[in-house]
Structure formats: C-alpha cells, structure tokens
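Enquirer: Summarising the annotation, TrEMBL assigns transmembrane segment to C:84-105, C:117-146, C:152-180, C:192-208, C:260-278, C:309-328, C:348-370, C:382-398.
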Amino acid sequence: MRPPPLLEVHGLTMRFGGLSAISELSFVAGQGEITAVIGPNGAGKTTLFNCITGFYRPQTGRLVLHHPDGKALGLETLPDHAIARKARVARTFQNIRLFPRMSVLENLMVAQHQVLMSASVFSLAGLLGLGRYRRAERAAIDLARHWLDRTGLTSFADSEAGALPYGHQRRLEIARAMCTRPLLLCLDEPAAGLNPRESSDLNQLLCGIRDEEGIGLLLIEHDMSVVMGISDRVLVLDHGCLIAEGSPDEVRRNPTVIRAYLGEPDESAVVLGGEG
Amino acid sequence: MFAVDRYPSVSSFDQAGPFRAASSGVWMEYFFQQVVNGLTLGAIYGLIALGYTMVYGIIGMINFAHGEIYMLGAFISLVAYLIFSSIGGGSVALALLATLLVTMVFTAIWGWVVERTAYRPLRGAPRLAPLISAIGVSIVLQNFVQIAQGARVKPLPPVIQGGVTLDLGKTFSVNISWLQIVIILLTLALMAGFTWMISRTSLGRAQRATEQDMKMAALLGINVDRVVSATFVIGAALAGVAGLMVTLYYGVIDFYIGFLAGIKAFTAAVLGGIGSLPGAMLGGLLIGLTESLWSAYFSIQYKDVATFAILVGVLLFRPSGLLGRPDVEKV
Amino acid sequence: MAASSPPMIRSAAFAALLAALLALPLLGVRLVDSATGLSLSGRPELVAWAAGGVFCGRLMIDLFRRWLADYAIRLPVLPAPPDWTRFGVGWAMALFALVLPFLPFADRNLVDKATMVLIYIMLGWGLNIVVGLAGLLDLGFVAFYAVGAYSYALLSLTFGLSFWICLPLAGLFAAAFGLALGFPVLRLRGDYLAIVTLGFGEIIRIILQNWQDLTGGPIGISGIERPSLFGLSFKAVPPEGQISFAAFFGLDYSPDHRVIFLYFLILILALATNLFTLRIRRLPVGRAWEALREDEIACRSLGINPTTIKLSAFALGAMFAGFAGSFFATRQGFISPESFTFIESAMILAIVVLGGMGSQIGIVLAALLLVGLPEWFRDLQMYRMLAFGAAMVLIMLWKPSGLLSSRSPTVRLGGRA
C-alpha cells in the first residue's frame, strides 16, 4: 500500500556535453516517506538533486510535485528560487552552505524570508515599525527556536554559524531548510563526517521530521546504517540509471544491487567500507 | 579631467571623412585604412591585456595598477629614447632596440616591486583587499609621475616616417606606415615567444599548474611566490613594450594615459575570455577595430561608450568570453 | 644582536638599490619641453635621496620589528569593542557633530571641511548598502552621485523647483538609474560586476561631457539655486517675496549662516542614511542582502530571488548617492563632469572597505582619515593624492579586513538585538 505521491519523476535526462549524468530516470517518492537514493560515486545522485531543486535544467523529462491541496507543479519549468518558494522544496548541500558570518538565529531568519517579506510589505511596514511586522517577526523567532530545540542548537543561537563544529553545522543546515516549511526536504549526504553518536541522533531527527511534520524526505547517503535504518524506500542509481527500487530489505537482497554496488556477497564487507 | 580626448588621432588619414567619399573606391580605401589603424591600436591593447589576463588567471585578481605600468613604460621609453638617440650616433634602429630592452627591464622591475610590496602580503586576505590596494597603487603611480615629470603632455616628433602603399584592386590603395608594420610585427613576435614560453618551458608549466590549483602546485614543490612574481614581471615587461609603442605611434603621452588604456585592455581580456592568452590578443584587436571604426563612422566622442557597450554585451551573453572556458556552477 | 645586523643592512641595501633603479628613469631625469623640442635634465640628487630614504626606512622598519619581537610586544590591535561601547561611540560622535559649529575653535573653514567630510560619509554609508551589506562590488558609484547632482541642477534651472522638491526627485531619478543599470548586469559575478559598473560610471561621465545641449558639456552648469530654510533665504539680498534668515531671526547678515545651515543639512541627510541602514539591516531585505553576500546558492535554495534582492540594494544605494549629489550641487552652486571622475568612486569605495565592510562607524573613521586629513594639507595640493593612494595601500596592508570589521547579530534569541 503506497502513500499518495509527492514527487513524480518521468524520463529525466541530464547531459553535460556528451556525458549523460542521468538518463531516462523515472520514480515516485511518496508523501510522508523517507526515500533514500544510493549508488556509487558518480552515479548521478547529486545531479538528480540539482535537477529537482532547479540548479540544473534537465534536457528532457518531467518533475511533478504534488501539494496536499491537489495542486501539481512542474519543477522543470521553475527557476531554483521559485522551486523553493512555490513548490516548497528545501535542500541541504553536500559541502555545507551556511551563511558563515551570520549568527545561527539569523541563518534561520533568512530561511523565513518569504513570510517576513510579505508580512512587512517588502520591509516597508518593518521600516515604519508597524505591529503587523513585529508579530510576524516574533512568530519567525518562535519557529526558529522550535527547530533550534529540535536540533539541539538553542545554546548556540547567537554565535556565528561559521564557528560551529562540523556536526552542528550539518544540523543547522537541516534546521534552516525546515524553517522554510517545506513539503519535500532533500538532504545531500547529511551523515557525512558524523561520528556514530551524531549519526544516530540524525536518524532520530529525520524520523521525527517525517512522523511529526508529515513531509517527504529525499536522502542521498553513503552511510548504510542511516539508509537501512530509517528509509521507507530505497532507489539505487548506477551510471545515471535506476537499477533497483524497493524497501530496504528488498534492495539488500536484490542481486543486481549486490553486484553493482555492494559487490559480490563474499567480499561485500570490504566493498561496503570502501564505497562509503 | 578630459581623459576621453587624450588620444589625439595623429594619423593623417583620419581627416578624410567618409562622407566626402565620392566613389566606392574612396570609401573602400577609407574603410581599409581604418582597419589598419584599428589593428595597430588593437595590438597595443592586446599586449596590455596579456598582463591582465595572466594575473587574473593565476591569482584571480584584477591588477588595477597594470594600466599605470603601461604609462610608466611610455615615460621610461621616452627618456630612454632621448638618451640613446643622442649617444647612438644616428642609428634610429639601434636606439629603438636599446630603448625597447631598457623599457622592458625597468617596467619589469616596477612590476616586481609592486607585486612584492602591495599585493603579496595580501594573498589570502579578504577578496576586496588586493583590489583596493591596487587602486591605491594606481593613484600613487599616476601622481608620482605627475609630480616627477609634470602634468603637461610630452610630445615626441615622429621617429619612424614613411610607409608603403598597397594597391588593393584598381581603384583604391591603403597606406601602411613603417611604424604600423613594426608595431604589428613586434606584437606577433612577442606573442609567438610568449606562447612558446607558456607551452614549452618549465616556468610556463609551473605557471599553468599554479593557475589550475595554487595549493596543489605548492604541494608538488612549485615555488608559487616565484611563479606569481614571474607573471607580474612578464606582464609588466609586455605593458612596457605597449608603452613604447604608444609613445612612438601617437607621439604624445601624459601621466593619465594608463587609466583608460587599462580599462580598455581589461575589456579586451574579458572579451577574449579571461585567462586565455590568444583571447587577450583577439580581444585587443577587436577593441582596437571597434574604436577605430566607431570613431571613423559614428562619433569620436562616444568611442569609449562603444567599447564599454561591447564589454557589457559580452558579459551578458557570453560571460566566459570568446575563447574562454565556461565555468560550470558547482553546487 | 650584532650577528643579525649584516643581513638587515643587506636587505636595506637591496631595497635602496631597487629604489634607485625605480627612481632612475622617472625621478633622475626630467623631460623638459622647450621650443626646440624635448630635452632631458638630470637630477641625480633625487635618486640619491630616494635610495637613502628607502635604506633608512627599511632599516628602521626592520629594527622596529625586531624591537617588538625582542620585547614580545604586539602591534596594537584594535580589540573588538563590546556592543555598548560602539553604541556609545556612535552617539558621542553624533552629539559632537551636532555641536561642532558652535564650538569656540570652529571657524567657517572648519565647518566647510566638515561638510565635505560628511558628504563622503553619506556616500560611504550609501555605498555600504551595496558593497558592505549586499557584497556587490560597485566601482561606478559616482555615476549615481552625478545623476543626483545633474537632476537637481536641471530640475531647478528648467522648472524653477525648490531644493526641497528636487531632493526626493533626484533620489528617485538616481534610484531609477540604479534599477535600469543594475537589471542587466547584476547576474555577473563579483569582479566582472566591478568592471562593468566602472564602465557605466565612465559612460555617464562621457555623456555628461558630450551632451552639450542638456548638460553644458565640459563647462558644466552654474548658477544653481541655493537652498532656503522654509522659505528663509540665506542671501545677503533675499529675492523678491522672500525674507532673509538673518532678518527673520533678527540677526546681522553673515555668510556663515549659510555655511552652518548647509552643514546641518548634510548632517541630517547623513544621519537619515545611517538610521535607515541600521534599521533595514534588521529587516528581511537587509538580512537577505547579507545572506546573499555570504552565499548566493544557499539563498536561492531558500527561495530568495537574488535578482530582486540585489536590485533593491543597488537602487537604494543609488538613491542615497542621488540625495548626496543634489546636496553637492546646491552647496557648490556649480557642477561639471570633472567632479564625477573615477577617482571619486575609488575614494568612496576605499572609505567603505577601509572602514571594515559593513561597519557604519568604521566608515566615519575612514572618511575622516581619507578625506578629512588631506583637506588639512591643502597647501601640499600636489602631494595630496599621492598621500591618499599611499594611505589606501598602507591601511590595507595593516588591516586587510578594514578598521572595524567585527559584526554584531541583527537579532538575538529572547529579544531584539
């Protein structure tokens, strides 16, 4: 029994020069599900994210995002900032992209730019100090505080984002993405560089986001403990093609996947470590 | 300051307006004449543009003071020529050769000292710091020369006179002065030598490696500081040659010529694709042609506007320039 | 100690040799233009002076450095002052500026120079929105200053509008120019944007210089209307239907009144710019500017449209330049393209960068250093720009991120900052 679709990808192809990074890729990610995208380096995972979030324009294919109210948006026609704003897709980056010289709280306030902007009528109401803006700002701070609490960063709220330890920066990036109130959250290797404890905290955080917010998550990850532990569905990419999809258990048992990605059964342990 | 009209058109061909042209022969003659003039001017811009493009390629900085090095080159060459022509025993060619060498050496020293004192300490500083420092150097050099040599325009009577007349078809011919030929040939020779140096010598290899990845080059044992210094020295020497050319070609120089020439040469570098050496030369020629044809057919006052319009157009529609590699946005 | 002296002397001697070589063709020889053509006159003593000066300078710097190292003294580093001191310093400065014209040592000359410094402070604050906050490198800022000045001059001369009507109009015109110029170019990355804005600045100046019918060409526009205070004229003989300021307040006429009035006018304009910037930094647009400076790609992933945000910074910066421009026109009573050269753009940019990119007080300090100090050395007119350029280089070498580069957050958890 599949949940209603959130993101439908049909026949997506992305070429760089003569090189196909993704060819004829189709899949569906469901609402309220964690969908993991795995595959060896260079399989096209980050390219897929860049197509979904509008940083790349695919040559062919359709990307449809379904809103709960029945509205469907074609992401391939929207510029990147409109995808974030109108389609409500948020993302994090493989190499963390915070606003390093701004404070943690400011990072979260920038994420709520749209809400604050319309509340302040392009900042005019704010300039005049009208109550309407002050209320909106208070609400924004409350939402930021909520996500700071969830990610355990409350005590760092006023420090510079760039000065935080690496693991905290990763969590801050997720908090910042959540402050845009997304329907689909795309996470590009959120567990990279985390120690086992931080990694299990991350699992909890992501499950919490799925269960409490009811939004869909799309996750690129090499850390199999994260992938197998929390995802509802797993997509396996190799050379830009989808070679398998299904529940974590199905994928784990799929012979194609084992051959292409996890390696031959008897040497899987070695390759698993090597590919991470 | 009326920087716009600081380049007087010395060439006598400029006086024949296009609309006085009665027959198509005269029209063609005028057109080709402008092309020759434009190519000469373009060669000068191209030589300056090489310095911009090399420095930008290697340390990602707009060397704002590069135009002033060219201006210094013009003054040094004027002084050197006056000295050599008085002791040289009447051989113009010998005097010019000595002048060329002396100019290159002295501008190279200037380039080296500027990099060493004003830019090197700022490597790794915030992005704007070296730019501000470069603007400061530019102001210092301009005012230094103004104080040292006076603000008045320095004239030099024509050194190389005469030329050849090429008959192109039955009805028209084009005059090319010896000086124009010398300028274009010298530019070609420098370009060839330079290309050889970049592609064949170990300095050239080190330079290309540093351009691609400075940290990695340093890890592999390349003395990055020396490579950057060499880049500035070579760029300055080429700008010095351009200074000599402009002294001979226009016969008048002043302390302010570096500013506009610098901007135009930078435009040329961007037009050709910054970081690309043939691009810089091509860009220089295109800018020279535009300027010469625009002045001839439209208006001499707005020739700089035309140059800047090209710059804006190129950046909007082809930001990587004509011969540059497009850079893919890394997310 | 003695063991390390020879290398020190050697390095000083090397520097002196270089200085001599650099000076030889340009200082050592002077081009003399006479009726018979160019000739040369030698000045070897200047080369010797240059070499000697550099030798001593280099030696002294090295000795000073070693002295510092020996005694483990660090070069003075301005510590990041706590917020309240900065706040206090700001208010103290504003207060001082308010009472300055009435202080015993303040003569007309001083107030005039202070007015000049304030113009640059205001321009610096305006450009700070573009460069310091939004991180857009603009080398053609003077174009908007020129647009403001010419709009005021032309509106006032053609339609007879008063300063107070023209001021907002000039700001609007400049902002419109900012939008029109910014729209096509704001996609460009940093250095390219710099060079294109430089080009635009030059284009505007060339147009001002050549569009004789409108702008008067190189001669410029003179006889620009001076401002009045609510209809009170500052002229010795007020025009028909106006009362003079002196007569209204029962004072003896003095040309100082106008000087002081202009001083307060620019002070108010500058403070308004400052308040606006301080305020807008805490608003969504202002935060988006800073975020854009930090990481444009991240901004796009958060739904911020970089073009509109950049345009708003560009237009607002231009607007303040326009205000400053119309003040400049009314103060001088005369404008020509010569006042709007690249060197002005460079000066304003230098003020912003030297001040510490985004620091409002830093800009005041930088403007005092770069504009105020040289104003006092007007007698050494020739050396003024030389010193200005050298100061730019030296301050950058000393403090590459500017005089005051610390930043305080615009919002804090549990209360506004």
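Cβ coordinates are placed from backbone N, Cα and C, and glycine is handled just like the others.
Curation plays no part in TrEMBL annotations; they are all automatic predictions.
Mind running through what each feature is packed against?
Expert: Through the fold, the transmembrane segment (C:84-105) approaches residues 111, 114, 118, 260, 263-264, 267, 271, 360-361, 364, 408 of its own chain, all at least 6 residues removed from its boundaries and within a Cβ separation under 8 Å.
When Cβ-Cβ distances below 8 Å are used as the criterion, the transmembrane segment (C:117-146) is approached by residues 97, 174, 177-178, 181, 186, 190-191, 193-195, 197-205, 208, 263, 266-267, 269-270, 273-274, 277, 280-281, 286, 289-290, 292-294, 309-310, 313-314, 316-325, 327-328, 337, 339-342, 344-349, 351-353, 355, 357-360, 363-364, 366-368, 370-372, 375 of the same chain, each at least six residues removed from its ends.
Remote same-chain residues near the transmembrane segment (C:152-180) are listed as 143-145, 214, 221, 223-228, 311, 314-323, 325-327, 329-330, 335 (criterion: CB distance under 8 Å, separation of at least six residues from the stretch ends).
Among residues of the same chain six or more beyond the transmembrane segment (C:260-278), those with a C-beta under 8 A of the stretch's C-beta atoms are 94, 97-98, 100-101, 111, 114-115, 118-119, 121-122, 125-126, 128-129, 133, 227, 229, 234, 245, 286, 320, 323-324, 327, 330-331, 360.
Listed as Cβ neighbours of the transmembrane segment (C:309-328) (distance under 8 Å, sequence separation of 6 or more from its ends, same chain) are residues 119, 122-123, 125-130, 133-134, 136, 138, 141-142, 144-152, 163, 166-167, 170-179, 181-183, 186, 262, 265-266, 269, 273, 276, 280, 285, 288-289, 292, 299, 335, 339.
Within the same chain, residues 86, 89-90, 93, 117, 120-121, 123-125, 127-128, 131-133, 138-139, 141-142, 274, 277-278, 290, 388, 391-392, 395-396, 401-407 sit at least 6 positions outside the transmembrane segment (C:348-370) and bring their C-beta atoms closer than 8 Å to a C-beta of that stretch.
Outside the transmembrane segment (C:382-398) by six or more residues, the chain places 343, 347, 350, 353-354, 369-370, 374 with a CB less than 8 A from a CB of the stretch.
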